[in-house]
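Engineer: To start, I am sharing the structure in question, which I have written as structure tokens.
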Amino acid sequence: VIGGDECNINEHRFLVALYTSRTLFCGGTLINQEWVLTAAHCNMEDIQIKLGMHSKKVPNEDEQKRVPKEKFFCLSSKKLYLWDKDIMLIRLDSPVKNSAHIAPLSLPSSPPSVGSVCRTMGWGRISSTKETYPDVPHCVNINLLEYEMCRAPYPEFELPATSRTLCAGILEGGKDTCVGDSGGPLICNGQFQGIASWGDHPCAQPHKPAAYTKVFDHLDWIENIIAGNTDASCPP
């Protein structure tokens, strides 16, 4: 996270860290005792999930480790672009109980509105020019923008005219998610609305906001998978 501050230790009980070997490479969000929602591009062979973590170096007493029991992707018949359906549900190998630093974040009850102030967080890079990673998660407030603001700066991607992605950032630059924040939550007006998906490099440039998978559009799929209907289809 660029341009943010260390998160309050009590404000991110739902935030999980995805590790492969000993490297923290993505974030995710605990949505109930057994399920984590993250980005599809965070899929790796040997994922370890740390819950209830704040500092990488000083563990919380209630920190927990899990591994995926099952992973589900939102597959569509369309060609799978990086920015399309960047969502993955992970079922944990055993449930976690709520504790001082662990509690799920509920799914959104209404769609987000452009102009909302949103909070995002993660252990990703805190410098857009240097590979500086923090020991603690950083949090930042950014604005929910019109989707076109994410489409216009990237003509080379030939992005579709409408999309199940949200666009969020600060037009003057300086605040953004960055490498290592993928899969983490975007929380707008207290509701879990987005999953960090992609952005430009270097991060936090003016007029180069980032894209977040729109959780609200995938609610039916999420609820179906959790209910055991594993051949649930994705929104078109």
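Cβ atoms are placed via backbone N, Cα and C, with glycine included.
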Engineer: From the list Cys74, Cys118, Cys139, which cysteine is recorded by Swiss-Prot as disulfide-linked to Cys234?
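Structural biologist: Disulfide mapping in Swiss-Prot sends Cys234 to Cys74.
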Engineer: Need the cross-check against Swiss-Prot: the disulphide partner of Cys118, picked from Cys167, Cys178, Cys188.
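Structural biologist: If we follow Swiss-Prot, the cysteine bonded to Cys118 turns out to be Cys188.
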Engineer: Kindly assign Cys118 (disulfide bond) to one of the three DSSP-derived states: helix, strand or coil.
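Structural biologist: For Cys118 (disulfide bond) - judged by DSSP and reduced to three states - the answer is strand.
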Engineer: Nearest to Cys234 (disulfide bond) in three-dimensional space, by Cα, is which of the recorded positions Asp86, Cys178, Ser182?
Structural biologist: Asp86
Engineer: Roughly how many Å lie between the Cα atoms of Cys178 (disulfide bond) and Cys42 (disulfide bond), rounded to a whole value?
Structural biologist: 14
Engineer: Rank the disulfide-bonded residues Cys74, Cys234 by the number of other Cβ atoms within 10 Å of each Cβ and report the first-ranked residue.
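Structural biologist: Its Cβ has the most other Cβ atoms within 10 Å: Cys74.
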Engineer: Which state, by DSSP, holds Cys42 (disulfide bond): helix, strand or coil?
Structural biologist: helix
